[in-house]
Protein chains: 2
Amino acid sequence: MVQYSLIYEMKQMPGEGRNKMAEQMKYHIAIVGATGAVGQKMLETLEERNVPMASLTLLSSKRSAGKKVPFKGEELTVQEATPHSFEGIDIALFSAGGSISKQLAPEAVKRGAVVVDNTSAFRMDPSVPLVVPEVNEDDIQHHQGIIANPNCSTIQMVAALEPIRKQFGLKRIIVSTYQAVSGAGNVANDELSEQTQAFLNGDDHSPEVLPVKGDQHHYPIAFNALPQIDLFQDNGYTLEEMKMINETKKIMHADELQVAATCVRLPIFTSHAESVYVEVDHDDCSVEAIQQQLVDAPGITLEDDPANQVYPTPLNAANKRDVFVGRIRKDLDHSNGFHLWIVSDNLLKGAAWNSVQIAESIIKHKWFTKK
Amino acid sequence: MVQYSLIYEMKQMPGEGRNKMAEQMKYHIAIVGATGAVGQKMLETLEERNVPMASLTLLSSKRSAGKKVPFKGEELTVQEATPHSFEGIDIALFSAGGSISKQLAPEAVKRGAVVVDNTSAFRMDPSVPLVVPEVNEDDIQHHQGIIANPNCSTIQMVAALEPIRKQFGLKRIIVSTYQAVSGAGNVANDELSEQTQAFLNGDDHSPEVLPVKGDQHHYPIAFNALPQIDLFQDNGYTLEEMKMINETKKIMHADELQVAATCVRLPIFTSHAESVYVEVDHDDCSVEAIQQQLVDAPGITLEDDPANQVYPTPLNAANKRDVFVGRIRKDLDHSNGFHLWIVSDNLLKGAAWNSVQIAESIIKHKWFTKK
């Protein structure tokens, strides 16, 4: 409680004094949606990264409240998230669905917390920074209480393309995704494993979750490919595809960047892969020059040695924080066109780790104050 | 045996007389590689299509010789393929690997057979027609004994794009594939099912087949994606990717057509899917106009109704002969750019059915004579 009071007093101080105190401080962090697929990864990541925490509050829906979750050798009890849950919280990591974020993120902000929101609720709000730290970390400081974590498939793509964009410019992106089911939550993981076993046994299995929970029809994912992630929009694109298109432009501050996406769900538990075609601005770009940019880039692991069959795969990328890039080839017809294969753990860099990175950045730069 | 002699005599006749007799005739067909994944599908397809056959000879390696195979209620015994096996054969469907084709196809031709070869042995030989009947059926008549069946992933793509090319012209193709393991044969099917079961049980399973039998390294395919099909070439592309690029240009007689491909193997037993971006020549093209071309096109089933979640999937396309097309969208930045999702059974249209189609075309048009 001493800790709590200190934090509370600190919150009452004007920006600079508060930041000064924060330097010697640890923070009270909350996870909203602590029992979900992403929430669990947030916990693991906080534990691994040793974020300077005074306290950790785990919040969830009423249904999951009371569950016990291990953290650093202790057991934490998950509490029901209410507006009052955010009293004294410095940073709240939200990953409990868009409607929860819409309802509770403003309440958290009202109570002085900075919200890092992993849902799509605020991503395209012009007043909310949409951040992949490797690309636009500086945007965080302009927040008005909420910072949005982009869509999983977008994060890994922009993280891999930013070093190329910086050096050679970027005119156009055409991406086809190979996405894991865990992006649709633990229920989708369960559906994939149960359905796969039924298929191998020659038994029937009625799909109830994928491609989109709550949509009219459900199709089998076991040994199949579903070219639908999220709901269809009037223009024939899915919401996932429009997220990749719109979020990429916002994160890169590049309205004129041409982005096209086709998003496909596959029978893979973890890690999204992406076949990406890019056109760069400069004519003097080469495969070697791109490799050189990527090998030194933060958060990127280059795995690109075809002669030795070295390239990224979803299984190898799982449970790792980096974005893996390989299969870099020059287009055979366009000298400024290149093809890449980008893979990353959709629950880590695609969600939990990127959120924790934003939290670490807020702490490191003392960007708690609303602008 | 009477039938055999008749066919034999017919072979000795000059072209026209032979074709005249052929009208009243049935044909002696051979399948080389009858016990393989594609060979089995050739048998099924010949049975379903009621190709006018006097006789069917099943050939294989020495190892598989002696096996019994059901056909139209009878049991056929597989024989070892030797040069003499082709005496009296009218049409020989080869699908037993490139080296067998290289060795035995010329022997078959020497003995008067027309060879439809499903391997890559002769595909890029300028004297050998490379045929997808919906695209370039007429090329068959210029054969010098051998007609090549294209690569599976190429066939379904060109079959779907030809109606668009005919009406609107085609400038550029960028394709990312989602390919089934059965393209790598029955051993790959077995590896996928055994490995998947081991994975679900939490057991180890050492990959020995995929991505490429005989390559240095093998990687798990269960719940994974492998961006390698066939061996890597010096330019960083795989052979599968180069096949798609080169074969597409040859089939469409379009050297200037720009084609780029990224080929990926997935944990799917049957049917390849493809995310395809095309740029057409005409500026007045629309999604509706493309749908109109495809709905009437031979061998194509349009499945494109996003509002009702109607789109092709590998499971739905399996065991069907058509190529299924959906998710047709206009590019948001390029008015002559379109995205499509193309799915077909890789063992049927991608191999067995396309070969039988060529055989049917030879019979129908009496294109037995070498040019």
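Backbone N, Cα and C define each Cβ position, glycine as well.
TrEMBL labels come from automatic prediction, so no person has curated them.
Among B:N336, B:N346, only B:N346 appears in TrEMBL as part of the NADP(+) site alongside B:T35, B:G36, B:A37, B:V38, B:R63, B:S64, B:S182, B:G183. For the pair B:R265 (substrate binding site) and B:C152 (active site, acyl-thioester intermediate), the Cα-Cα distance reads 13 Å. Each of the binding-site residues B:T35, B:Q179, B:S182, B:N346 was scored by other CB atoms within 10 A of its CB, and the lowest score goes to B:T35. The residues of the domain 'Semialdehyde dehydrogenase NAD-binding' (B:28-143), classed with DSSP into helix (H, G, I), strand (E, B) and coil, number 40 helix, 32 strand, 44 coil. Within 10 Å of the C-beta atom of B:R265 (substrate binding site) sit 28 other C-beta atoms, taking all shown protein chains into account.
Of all Cβ atoms in the shown protein chains, 31 besides its own fall within 10 Å of the Cβ of B:H272 (active site, proton acceptor). Just so you know, the Cβ of B:R123 (phosphate binding site) picks up 22 other Cβ atoms within 10 Å once every protein chain is counted. A 10 Å cutoff on Cβ-Cβ distances gives B:A37 (NADP(+) binding site) a total of 21 other Cβ atoms nearby, all chains included.
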